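Here is the structure we will look at, set down as structure tokens.
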Amino acid sequence: MATTKKNEDVEFVRTGYGKDMVKVLHIQRDGKYHSIKEVATSVQLTLSSKQDYVYGDNSDIIPTDTIKNTVHVLAKFKGIKSIEVFAMNICEHFLSSFNHVVRVHVYVEEVPWKRLEKNGVQHVHAFIHTPTGTHFCEVEQRRSGLPVIHSGIKDLKVLKTTQSGFEGFIKDQFTTLPEVKDRCFATQVYCKWRYQHSQDVDFEATWDIVRDTVLEKFAGPYDKGEYSPSVQKTLYDIQVLTLSRVPQIEDMEISLPNIHYFNIDMSKMGLINKEEVLLPLDNPYGKITGTVKRKLSSRL
């Protein structure tokens with residue numbers, strides 16, 4: 001039998017509950033021209049009371065099944081113009097509908113569907129799955145507070161076969177890695193940024209700008225590329241250029257795993273393999289991260 005006595009020796013740091021991976025396909029029909037948004041949404045609520053944890057009293061709990069249904073209904077009545085706006089709609093609903101909800105955290109991930117196109121003509125209702133970067137967002141709002149909005153890109157896998165090297169690093173008794181002036185550079189981009197505010201922000205267009213900037217700084221000019229002396233330098237260059245192009249972004253976090261491709265030794269077969277046949281290695285892999293933010297002076 002559950003105890004009804006509160007333990008005075010411990011205190012809550014944070015609580016939350018909700019529903020994860022609520023999937024929705026929303027279809028906007030404008031005559032024969034259809035537009036779609038498929039999303040997976042996770043919602044976490046924090047309540048003012050902790051009586052459900054301490055005493056097993058469920059009288060304040062909004063069931064997670066209700067949370068799931070709410071996501072479905074908001075998609076119907078509000079639509080999904082962008083995943084960021086949809087997440088803000090969810091936050092606003094729970095904070096305005098339930099006085100004992102003090103915090104709402106919403107994560108939304110968009111399935112990368114792209115409209116079919118041929119010879120410049122777009123199909124009116126057919127789409128193809130194009131995994132060239134997944135658009136996600138996180139929105140958190142507290143009672144009497146403004147929403148804090150993060151957007152991001154993940155699962156954007158890119159590779160270039162040259163214009164990358166790694167030299168001049170520390171060498172000790174455990175170092176076996178040779179310096180290299182020319183190598184393959186492959187990574188799977190994770191990029192997340194925070195907006196200063198939500199007013200007059202075109203979230204879809206901003207996401208496209210950031211993604212294009214990532215590809216631009218990774219690849220360089222189409223006819224010759226751009227040399228990368230390290231993953232760190234490429235990461236930083238992406239951040240600096242992005243913040244210069246999008247003034248609404250306050251800070252940006254990037255994670256770039258260094259996905260390795262090694263030359264296969266064919267000497268025992270009497271063959272010389274000049275970086276033509278390489279072995280992809282899933283792990284271990286290097287992982288480079290960095291977060292930058294605008295200096296206060298740059299916002300004045």
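Using N, Cα and C of the backbone, Cβ positions are placed for all residues, glycine too.
Keep in mind it's a predicted model, so treat the numbers as computed, not measured.
Per Swiss-Prot, the features are:
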MOD_RES   ALA2  N-acetylalanine
MOD_RES   LYS19  N6-acetyllysine
ACT_SITE  LYS19  active site, charge relay system
MOD_RES   LYS23  N6-acetyllysine
MOD_RES   LYS32  N6-acetyllysine
MOD_RES   SER35  phosphoserine
BINDING   THR64, ASP65, PHE166, ARG183, VAL231, GLN232, ASN258  urate binding site
ACT_SITE  THR64  active site, charge relay system
MOD_RES   LYS181  N6-acetyllysine
MOD_RES   LYS217  N6-acetyllysine
MOD_RES   LYS217  N6-succinyllysine
MOD_RES   LYS224  N6-succinyllysine
MOD_RES   LYS224  N6-acetyllysine
MOD_RES   SER228  phosphoserine
ACT_SITE  HIS260  active site, charge relay system
MOD_RES   TYR285  phosphotyrosine
- Neighbouring CB atoms within 10 angstroms of the CB of SER35 (phosphoserine), all protein chains considered, total 16
- Of THR64, PHE166, ASN258, which binding-site residues come within 10 Å of LYS181 (N6-acetyllysine), going by C-alpha to C-alpha distance? PHE166
- Query: Does ASN258 (urate binding site) have same-chain partners at least 6 apart in sequence with Cβ under 8 Å from its own Cβ, and which are they?
  - Reply: PHE185, ALA186, THR187, VAL231, TYR285, GLY286, LYS287, ILE288
- Task: Just give me the nearest neighbour of ARG183 (urate binding site) among the modified residues SER35, LYS217, SER228, Cα to Cα.
- Result: SER228
- Message: Measuring Cα to Cα, how far is LYS23 (N6-acetyllysine) from ASP65 (urate binding site) in Å?
- Response: 13
- Task: Work out the three-state DSSP category of VAL231 (urate binding site).
- Result: helix
- Any idea of the Cα spread of the urate site, THR64, ASP65, PHE166, ARG183, VAL231, GLN232, ASN258, as a max distance in Å? 52
- Note on the structure: The modified residues listed are LYS19, LYS224, SER228; by CA-CA distance, the one closest to PHE166 (urate binding site) is SER228
- Message: Which one is it, among the modified residues LYS19, SER35, LYS217, LYS224, SER228, that lies nearest to ASP65 (urate binding site) by Cα separation?
- Response: LYS19
